[in-house]
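Novice: Below are the features I grabbed from Swiss-Prot:
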| type | residues | note |
| --- | --- | --- |
| DOMAIN | 4-69 | domain 'J' |
| ZN_FING | 157-238 | zinc finger |
| BINDING | C170, C173, C226, C229 | Zn(2+) 1 binding site |
| REPEAT | 170-177 | repeat 'CXXCXGXG motif' |
| BINDING | C186, C189, C212, C215 | Zn(2+) 2 binding site |
| REPEAT | 186-193 | repeat 'CXXCXGXG motif' |
| REPEAT | 212-219 | repeat 'CXXCXGXG motif' |
| REPEAT | 226-233 | repeat 'CXXCXGXG motif' |
Amino acid sequence: MKRDYYEILGVSRSADKDEIKKAYRKLALKYHPDKNPDNKEAEEKFKEANEAYEVLSNDDKRRRYDQFGHAGVGSSAASGGGPGGFGGGGYADINDIFEMFTGGGRARGGGSPFSGFEDIFGGGFSGGGGRRARSTGIHGTDLKIRLKLTLEEIAKGVEKTLKIKKQVVCSECNGTGSKSGKTETCQTCHGSGEVRQASKTMFGQFVNIVACPTCGGEGQVVKDRCTSCYGEGIKQGEVTVKINVPAGVQDGNYLTLQGQGNAGPRGGAPGDLIVIIEEKPHDQFKRNGDDIIYDLAVGFPDLVLGTKVDVPTLDGHVKLTVPAGTQPNTMLRIGGKGIGHLKGGGSGDLYVRVNVFVPKDVSGKDKEMLKELKKSSHISPNHGEQDHEKSIFEKAKDIFG
């Protein structure tokens, strides 16, 4: 996910142009490739600063970015075209940058902090000559949402219907950004969305291919902007989506719904909707892969003599037989009562962990019975040396009848 442009430059959202320019100059000098040879991290930071400044130094792009985020400037920003011709893979010599910072260069090209290079085309930019066709509009951004599910829903799979807020196509202009619904071919780049910019440095001349500054890299311009969407072709709206979640998903898994993300400005293709799964904690069961675990407390007499109990599952109750002589922490398995496998082909199991129930308060009669039971030499763990004829469970059966 792209970082916030204000965060990249280290300025507030209310920063004026001078503050933005100063912040950019500082970063450009610090991370310039000439100063950091073979340093990929510095190169990426330099590109980030270029991209951020290209947007925030332009009033129209900054307004669109403040309103729509990266989606509003996606095409021009993503092109890598830096201010004053420093994007697109070419970098000015750092000595020239320093000279311009200290006032040694001639200011031209709309106030770029790196302006001052002599452009061989005379006007700063020339048309791309229609080298290639441009796709319509800017691609919409992906939208991420979180979906909380119960263990019961995860076990069987579920269909969810949700209302989500996202950028939708403007109904007033049908997404064109134009009142009349029409756009015109950009006269600067002749529809290619790109221009060539040539500059001279102390090491010679270099040429960059950058996004057209007139159309933002789209190849089309809007003359009569729609007043409802300010010429963007998209607005904030609310839509209803259906999400089919298969059985067996886990916390952190995600589903991608192609084309259901934010609409693209001015007819651009929509982004994707990314649904991140969050599993709600369950008050009875613990999950272990596709198996689930349930803790069952059973009284001591039932552990000794055996019993049948009702056990909850994810889809109702079942009868479980606790065999006589079951030891604490024994796991009893109920097959197929776990969570459906994500790839199909059955379900996990339910494991019942049996523990002994110890009451905090007992009646006088119960105390007398326990005292009588305690007298038995076979009720304590070291009874084996005293009597080998009957086991502890056989003795307990005799006492409890």
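Yeah, the Cβs are placed from backbone N, Cα and C, and that goes for glycine too.
Surface or core, plus neighbours and distances: that's what I need for these features.
Specialist: In the predicted model, residues of the domain 'J' (4-69) average a pLDDT of 85.
Its Cβ taken as reference, C173 (Zn(2+) 1 binding site) is surrounded by 26 other Cβ atoms within 10 Å in the chains shown.
Cβ atoms under 8 Å from those of the repeat 'CXXCXGXG motif' (170-177) belong to residues 137, 183, 222, 225-229, 231-235, 263, 265-267 of the same chain, restricted to positions at least 6 beyond its ends.
Sequence-distant contacts of C215 (Zn(2+) 2 binding site), defined as residues of its own chain at least six apart whose C-beta falls under 8 angstroms from its C-beta, comprise C186, T188, C189, G193, V221. Classification of C215 (Zn(2+) 2 binding site) by DSSP places it in coil, neither helical nor stranded.
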Novice: Same chain only, sequence gap of 6 or more: which residues have a CB within under 8 Å of the CB of C170 (Zn(2+) 1 binding site)?
Specialist: G177, C226, S228, C229, E232, G233, I234, K235
Novice: How do the residues of the repeat 'CXXCXGXG motif' (170-177) split into helix, strand and coil according to DSSP?
Specialist: 0 helix, 0 strand, 8 coil
Novice: What whole-number Å value do you get for the CA-CA distance of C212 (Zn(2+) 2 binding site) and C173 (Zn(2+) 1 binding site)?
Specialist: 24
Novice: Would you list the other residues of this chain near Zn(2+) 1 - those whose C-beta lies within 8 angstroms of the C-beta centroid of C170, C173, C226, C229 - in sequence order?
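Specialist: Neighbours within 8 Å of the Cβ centroid, excluding C170, C173, C226, C229: S171, E172, N174, G175, T176, G177, S178, T227, S228, Y230, G231, E232, G233, I234, K235.
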Novice: What is the number of residues in the domain 'J' (4-69) that are helix, strand and coil, as DSSP sees it?
Specialist: 48 helix, 0 strand, 18 coil
Novice: So which of the binding-site residues is most packed in, judged by how many other Cβ atoms lie within 10 Å of its Cβ, out of C186, C189, C226, C229?
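Specialist: Top count of Cβ atoms within 10 Å goes to C189.
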